[in-house]
Amino acid sequence: MATSTTTTGGATTFEVRNPATGEVAGVFPNHDRAAVDAVVDRAHAAAEWWAALGFAERARRLDRWRAEITRGRNELAQLIHTEMGKPVSDAKLEIAMGLEHLKWAARNAHKVLGRRSVRSSLLTINHAATVEYRPYGVVGVIGPWNYPVFTPLSSVSFALAAGNAVVFKPSEYTPGVGVWLTDAFARAVPEQPVFEVVTGSGETGNALCRSDVGKIGFTGSTATGKRVMAACAENLTPVLMECGGKDAMIVDADADIRAAAEAAVWGGLSNAGQTCLAVERIYVHADVYGVFVGELVMQARAIDAGRPESKIGPITMPKQVDIIRHQIEDAVLRGARALIGGPDAIDGQFVQPTILVDVDDDAPAMTEETFGPVLVVTKVRDMDEAVERVDAGVYGLGSTVFSRRHGRLIAGRLRAGATSINAFVAHATVPALPLGGVGASGFGRVHGPDGLREFAYAKATTRQLFPSPLPLTTFRRTAVIDAVADRLVAVLHGRSRS
Ligand code: NDP
């Protein structure tokens with residue numbers, strides 16, 4: 001939780017506090033611009049070595065790192081719990097998901113990024129053409145605290161597998177997790193500092209954006225994403241933007257209501273709602289609205305925050321509590337009803353599950369990221385209205401649809417980076433599928449082949465096999481060749497198929 005900066009003998013440090021107890025959980029250096037530049041410089045030398053290893057050798061070393069994380073997973077899960085508050089069992093689940101993607105990236109990098117031949121055209125038939133995907137060199141990864149292993153690994157694993165060195169700036173709330181991950185990497189790959197960490201506040205992240213990195217992989221809020229883009233614009237450094245969301249669930253009249261309610265409760269309340277892909281809005285067909293809300297309330301009542309054995313932990317950032325409080329109070333003032341929780345659900349850093357109905361469409365609880373255990377449920381006439389209301393927001397990250405017969409149809413109409421049908425967030429757990437958003441949720445993709453290509457640039461190569469019978473790109477071109485070429489163009493492109 002909240003951190004404070006102190007100066008000791010010229011070097012600044014900051015403290016991390018356990019959000020549940022307020023106790024100091026660790027002290028870390030504040031990397032300034034010079035320190036970040038020095039780390040990036042060192043990483044450049046390591047990047048050359050790492051790229052030269054080739055796909056197979058890198059995969060072997062990434063497998064060693066995966067084994068190292070797996071062996072230390074209990075310690076790592078405890079550290080996540082201490083720094084940001086989620087239950088240890090949830091932290092272990094997060095680590096398991098991160099390991100799946102790490103494995104996929106290592107196993108598939110060669111196939112996706114390695115050199116391959118492509119067909120040339122009739123006019124370029126005398127050239128052999130290939131494309132390959134080359135690493136940028138050093139990639140900077142800036143990560144959030146809410147999934148301090150899964151989220152950064154989604155970029156780090158793919159950037160490393162693509163042949164880049166990585167400098168990672170974890171959130172100031174979870175720097176210990178970042179240090180743990182890089183220490184584990186150094187044990188698995190002791191030869192060169194291929195994966196390094198810099199700790200500090202937003203200023204350290206800003207320094208990384210301005211440093212000599214080939215790309216920035218950013219995961220965090222949309223507001224910070226805009227600042228990151230502005231800083232990267234100075235050097236034309238490309239960026240991957242994994243930003244916030246206001247994800248919705250749609251429940252159709254033919255849905256399995258119990259399953260939909262269970263998914264909504266997990267999707268909206270797990271990690272105390274502090275999930276980019278959290279279900280924050282639910283649109284329910286009028287025919288099943290009553291029974292769904294009843295089931296949802298019953299299941300949500302079994303979840304609480306605050307006790308050691310509670311299923312959800314504290315809100316990690318103190319300032320987020322004020323946002324959650326404001327959204328709930330504002331919604332109620334505008335006429336919403338709290339079926340459970342409500343304005344009294346907040347006690348210090350702990351927020352009890354809250355379900356709101358009759359929320360005004362313009363209320364921040366309906367339009368802005370809540371990042372707390374709050375579900376807003378709305379009755380809709382039909383699925384047309386549901387789709388229209390889901391798509392009305394500025395975000396477009398994930399989405400969930402519950403319907404026995406129309407899932408695919410509804411999913412196809414949603415403007416979002418992904419939709420999971422009859423399950424929550426399954427799309428983010430399938431390693432071969434891309435993850436990312438549209439609109440205010442950002443652009444670019446992690447995971448899957450798209451996630452590998454995100455951290456590499458396409459390099460096209462041609463090799464002339466024999467001189468062209470129709471030399472076009474030369475001043476030796478004659479009027480006869482022009483006439484033949486013109487005729488060819490007419491034949492090749494002059495007729496439409498229909
Ligand atoms: P923030 O945007 O506050 O911070 C994200 C990272 O950016 C942190 O490391 C932060 O450092 C750093 N940062 C802050 N200011 C700057 C700056 N000026 N330049 C460079 N870096 C900076 O997000 P949170 O950490 O609070 O994470 C929650 C957000 O992340 C939510 O909006 C959530 O939706 C989103 N998210 C998106 C995901 C996705 O896949 N699309 C996945 C997970 C989360 P510091 O912490 O030190 O301020």
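Backbone N, Cα and C atoms are what each Cβ position is placed from, and that goes for glycine too.
Annotated in TrEMBL:
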DOMAIN    12-460  domain 'Aldehyde dehydrogenase'
ACT_SITE  E242  active site
ACT_SITE  C276  active site
Those residues of the chain, 6+ apart, with a Cβ under 8 Å from that of C276 (active site): P144, N146, T151, T219, E242, C243, G244, G245, L397
Average model confidence [pLDDT] within the domain 'Aldehyde dehydrogenase' (12-460): 97
C276 (active site) in three-state DSSP notation: coil
Count of other CB atoms lying within 10 Å of the CB belonging to E242 (active site): 28
